[in-house]
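For reference, the structure discussed in these notes is given below.
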Amino acid sequence: SFPSTFLSNNNQSSTTPVQGVSSPSVLASASTSLPSVSNSMVTSGLSELKSSSGSRKARVLYDYDAANSSELSLLADEVITVYSIPGMDSDWLMGERGNQKGKVPITYLELLN
C-alpha cells in the first residue's frame, strides 16, 4: 500500500501547483487592466474640465444645503460656474454664483459645454 499511496500523492501534488500557478496569473492580468481603464477615464474627465479656460458652466440637478461655510448652497435648475482646485477631493468642485463661492458636490451637477 505504501507505493500506491506514494504514487497517488505524487500525482495530486504535481497537478495542484499547475492550477495554482495559472489562476493567479489570470487574476493578476485582469486586475492590472481594470484600474488603468478607470484611471484614464477619470483623468480625461478632469483634464476636459480644466481645458476650457479652467472653468465650466454646470446645471444644478438637486437642491443642496451647505453643511458649512466652505460649501455653496444650490437650487435645482440654476446654472453656476465650476472649476477644480488641485488637491481638492475629486467628488467636489469649486462653484461660483455671482460673488458667492464654495465647494459643491459633483454628483449634484450636470456639466455643460
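Glycine residues also receive a Cβ, built from the backbone N, Cα and C atoms like all the rest.
What you are looking at is a predicted structure, and each value in this text was computed from that prediction instead of being measured.
The compositional bias 'Polar residues' feature in TrEMBL is assigned to 1-21. Residues or ranges marked as region 'Disordered' in TrEMBL: 1-25. Per TrEMBL, domain 'SH3' is recorded for 53-113.
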Within the predicted model, mean pLDDT of the domain 'SH3' (53-113): 94
For the domain 'SH3' (53-113), residues assigned helix / strand / coil by DSSP: 3 helix, 28 strand, 30 coil
